[in-house]
Amino acid sequence: MPPSVVQNHGLYHLSCVLLVLLTLSATTSVMGQTCMNYGETSPSNASSCLCPPGFGGATCAQPGCGGTIFDGSSRPLAQPSASSPGFANLTSSNCTCESGWGGVGCNVCTTASACQVAYAAVNGNASAISGLNGVAGLNDTMVCNTAPAVWAASELSCQVNNPTLEALYPLRSTLNILRTLNGSLSPLHNTSGTLLSPSTSSSLYAQLMYAGVEQFFCTASPCTQTLSSSTTSSGNTASSTWTCQNLSCSCIQNATFCGGVPASNLTNTIGGLTGTLIVACDSTNTCHFQQNTINAVFGSQGLSMEGCVSGECVTQAVIDTTNATSSAATSSGGTKLSGGVIAGLAVVGAIVAFGLAVVVWGWYVQRAAKKLPFNGGQSGGISVRWSDISYIVQLSKNSPSSLIAKSTIQGGKTILDNVSGSIESGQLMAILGPSGAGKTTLVELIAGKSKSGQYTGSITFPPYSPGHHPRVAFVPQNDILPSMLTVREALTFAASLRLPEALPGSSKAALVSTVISKLGLDGIAETRIGATDGTGRGISGGEARRVSIGLELVSCPDVLVCDEPTSGLDSVSAFRVVNVLKELAREGGAAISHQGSHGHRKGVAVICSVHQPSSRLYHTFDSVHLLSNGRALYSGPGGLAPAQYFMRMREGGGAGADVLPYEEGYNVADYLLDIASESPEIPSMSLGINAVSEIGPSVSSEEKAGGRKDVEALSTQNLAPSMYATTFLTQLQVLCGREWKVLRRDKALFFTHVCVACVLGIFCGGLYYQTSSTIAGFQARVGCLFFMGSLIAFSSLSALYNIVEIRPLFLRERSNWYYSPTAWLLSRLIFDVIPLRIIPAIIVCTITYWMAGLAHDGVHFFKFLLVIVLYTLVMTLYNFLLGTLFRNGGIAILLSALSALYQMTYAGFFVHLASIPPVLRWLQWLCPLKYTLEAISVNEIGSGLMINDTLQGVPVNISATLIMQLLFGFGLNNYYRDILVLFAFIAGLGVSVIAVVWLRVRERR
């Protein structure tokens, strides 16, 4: 609202703020009663009423005027006056209290002698302790109890001083309250014409007097009393809290509050005061009248009452023999949680218990795995045969669905066409061919990699027994390595996850050292790998190629498949790498294992696709497989055998007449590439009828029956949990170790997040520095909370970029069965989300919180931090989901930014949620920022925040709760509900991320 409007209409809108309570309750009408003030018809005289102490007359509508509460029906009463036509007026009646009595209406005793004199004047020497059943030896001395505690029935009279209420009703307002704990113990219970409480149950009566005229009256029953004491510098203080149920209030028609001033008619509001009533008093003569509607207007402490005087006439025997907290009603002690909150806490507790059970079970499984006997790590002895392999890649047309799903099939292109070949264990094969011949496709199919196209044929591994799966290692063409690790650490990481847990750590370390030595990496073993794309300092491209090979060698594979292992290497390095592969082929695991000198050595089949080897390098290979346009032109021994084969084909004429002649001394590899490039019509070699039979012994039909297994079935079996060499807990430990090293070495990343958080916190705190408790200050306070929520929503975008950046490394390691996706996600949660997301969010929000002057107590601060942490987790997991769901990082970032704008719209700060059209309003329930802003706003208001302002000279002192509900529509009791909803978002997004990573984020070539 513009300031000019506030100035011109301040008083009018001040009335509207208070009268908005009319909308909080349904319209009720005051039912006509025979007896006012909840009096009851006298059993002996139907035309008269039994009235609460302090009231009398035919309908209990006239307050007592002078006299004492023991006078009962004979007590003098206040009479109507000209200033208040039709209403009894204590002020105009010039009522004066007798000695020892006080309070408005003279119902509160102040001395024991006043009680004794007043009781004796009416009852003579009659005993006042009949409620104790005449127990002998009791002290029936009458005393006046002025402490907050109630023993039987106590009168309370307070002044209602509230600036906002006084601005509308400037005259004196007082509230008289009769608290009855046990009417049978009060000397008033036999007073003529007096009603303490129905059926002697605990109850409370209250009447509001304005300028000496009663405005409305309330009753509530049953009630419980809670007593407490504390020690301060001024001594021991005691307090009493009354909690009453079934509150009911009635307005006196045409009284000032109830229609006497039409512009401020509170009849419907007062009639709508229901539910639980709390009256809390302390020894400082201050009490609070609390009820949900009243709290919404005057703050969490309710309507404050000052200058309170209380007193009850009671016998000393009642005080000596009665315990107030265990008599008529026992204190319930504490605030009850709703069923929904209890159910939510039970679910959270169950999740925590489940997590602990998983950790214990993981520890048990890990311990059992380490105790298993180790078989020595024998590898090799496996041959490879592929027969009639055809592979067709599907052509696609662009569609929006192709962003996250497979493209629509439109046609196909043949990459491999009935390719057959074989290699025996202990041999080194080179797959040659020009670019586009299908070399990479063939080696990927042999390695069992998941492919996006369709293929037919079979790949077998003789001798292959049912239930046994050969370890096929694959070295990709591109080097994807952890940049922050050293060479030794990267190899140790692979060995820790790809070798059995039963193998001691010292043996794994020795194996890593052997691989480093064999590959000639001793000089760079302690050097960080760095970015392999040339953007960061580290090892060279050739060295990275050897590290990639080493990552597969440490797993001691049965079959090793390399896609162009010599690419990017000089001739010397290339020859060294191929020599290591040849040694591995000849000796198997013994070539790299420190245990290899013992026992029988089994050769390993090593298959390499090579683009253009030198003559020296070519003659290192035992066999050659030549491809051209997806067809196998030759598959057989290496050396000069291929050249001789094609020369015989040339001499035979026919289709081979066009074969290029071989010149003596010419590089055989270059000659084969010339043939594959310039003679595409040469017929394919058929496996089993030509030179391939010279490679090694034939395979028996029994081996074929037991070993036949196509690539599709092989890929399916790879999904079995047994494919992981280590247990889940070991995977998590090793991953966390790597993430910790990365975080510790990349200090700039962590400290940048912290420094930026500090700067943003100081900026935001300075922007909202020490917000006031005015109306404008309240708007700034909620704006500060909204700013922090929005800041978290946008800053979490860095989590999405991080997922996109490390995705290739995860795909490579997952395809090689290093670890399960769940272990990887948990390690990211521990070493990415906590240090880079949660800690910076806590820093920026803590600095802003205290600089802005928000609720300055520990309870509300930590409740605020809880909401911030939960929302940070929600947004981080949401960005994780986008980063894993979409292959295109740009699209994921765009969607994340748009969703942040959507959350800002539906958070309730820019637009009142109730004013949104119903067709769009439901979107608020999918907005995490809405629950976050509501929770931290309710937490802030729940600290007792009051609006203290002045409008056109009129003081305003109302609860911030009312403004919050009017402007934003937040629910006062929704904090714990919002916490549980945020937990639900975390659980749902967490499960979604795990499902997407398991089902979609996998290597597909």
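Cβ atoms are placed via backbone N, Cα and C, with glycine included.
The structure displayed is predicted, hence computed values, not measured ones.
What TrEMBL records for 1-32 is signal peptide.
According to TrEMBL, the transmembrane segment annotation covers 341-364 (among others).
The domain 'ABC transporter' annotation in TrEMBL covers 384-654.
Taken from TrEMBL, the feature transmembrane segment covers 748-768 (among others).
As annotated by TrEMBL, transmembrane segment applies to 780-804 (among others). Within its own chain, the transmembrane segment (780-804) is flanked in space by residues 760, 764, 767-768, 771, 832-833, 836-837, 840-841, 844-845, 848, 852, 854, 868, 871-872, 875-876, 878-880, 882-884, 889, 892-893, 896-897, 900, 903-904, 907, 909, 929, 932-933, 936-937, 940, 945, 964, 967-968, which lie at least six positions past its ends and keep a Cβ under 8 Å from the stretch.
According to TrEMBL, the transmembrane segment annotation covers 825-852 (among others).
Counting only same-chain residues 6+ beyond the ends of the transmembrane segment (864-886), those with a CB under 8 A from a CB of the stretch are 403-404, 788-789, 792-793, 796-797, 799-804, 807, 825, 828, 833, 837-838, 841-842, 845-846, 849, 854-855, 892, 895-896, 899, 928-929, 932, 935-936, 939-940, 978-979, 982-983, 985-986, 989-990, 992-993, 996-997, 1000-1001. The transmembrane segment feature in TrEMBL is assigned to 864-886 (among others).
Remote same-chain residues near the transmembrane segment (893-916) are listed as 782-783, 786, 789-790, 793-794, 796-797, 800-801, 878-879, 882, 886, 923-924, 927-930, 932-934, 967-970 (criterion: CB distance under 8 Å, separation of at least six residues from the stretch ends). According to TrEMBL, the feature transmembrane segment maps to 893-916 (among others).
Residues or ranges marked as transmembrane segment by TrEMBL: 979-999 (among others). Sequence-distant contacts of the transmembrane segment (979-999) (same chain, at least 6 residues past either end, Cβ-Cβ under 8 Å): 340-341, 344-345, 347-348, 351, 821-822, 824-825, 866-867, 870-871, 873-874, 877-878, 880-881, 884-885, 928, 931-932, 935.
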